[in-house]
Amino acid sequence: MEKYVTETVVVGVVSWTSAFVIVRRLFPKRSFDFCNRLVSTLHATLAVTLAWLSIEDWRCPICGVGSKSSPQQMQVLAVSLSYLIYDLACCHFGERVSLDNTVHHLVSIVGIGAGLFYQKCAAEMVATMWITEISSPFLHLRELLKELGYRDTPLNLAADILFAAIFSFARMLLGPCLTYVTLSADYPLLIKAMALGLQLVSAFWFFKIVRMIKRKLSKRA
């Protein structure tokens, strides 16, 4: 792995941790999870922006399958890798420890780490980062609204529906196409396994989200 990538990851972990400490100081009366979700929202916004800016050819955003990763693409991935390491540790100190979330983090960390090590598949991984993070701000908004006192309100329901719609479009329409491209390419088996694993986790979450939306709509009816 390139030295600048390792340095980006180390600096990133320290930076995300520092951001969390600052948020905790700014909002001492809010929960651990609330503060972590604010940092997570910051990362999601940054990740989507960086992924957007790293696209070299808008006529074919994921062209160059199998080509060597560019330094810009590798730095974008390193930033998200540092956040995932921070968030995996942070979640285990907080209240939202769950098996599916832990599996998602581990699959993402190993997948991005493999891509950075082999210096391949960066275009697909950056696209995957955009797909997985585009719905994250709305995921966290749902929980932030609950702690702010807007649980079971039309505003919270709107956030639920918006999150479900964006998640479904990104992970269940765009995601499978990207997974197919990755599995069809001449990539190391580890990268292919992580791509398939991430799509399976997304499908599991999709069914949970559908059940959640059905339950909330029937409750309001």
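Placed from the backbone N, Cα and C atoms, the Cβ positions cover glycine too.
TrEMBL lists 6-27, 161-183, 189-210 with the feature transmembrane segment. Residues or ranges marked as domain 'TLC' in TrEMBL: 29-218.
Cβ atoms under 8 Å from those of the transmembrane segment (6-27) belong to residues 34-36, 38-39, 42-43, 75, 78-79, 81-83, 85-87, 90 of the same chain, restricted to positions at least 6 beyond its ends. Averaged across the domain 'TLC' (29-218), pLDDT for the predicted model comes to 89.
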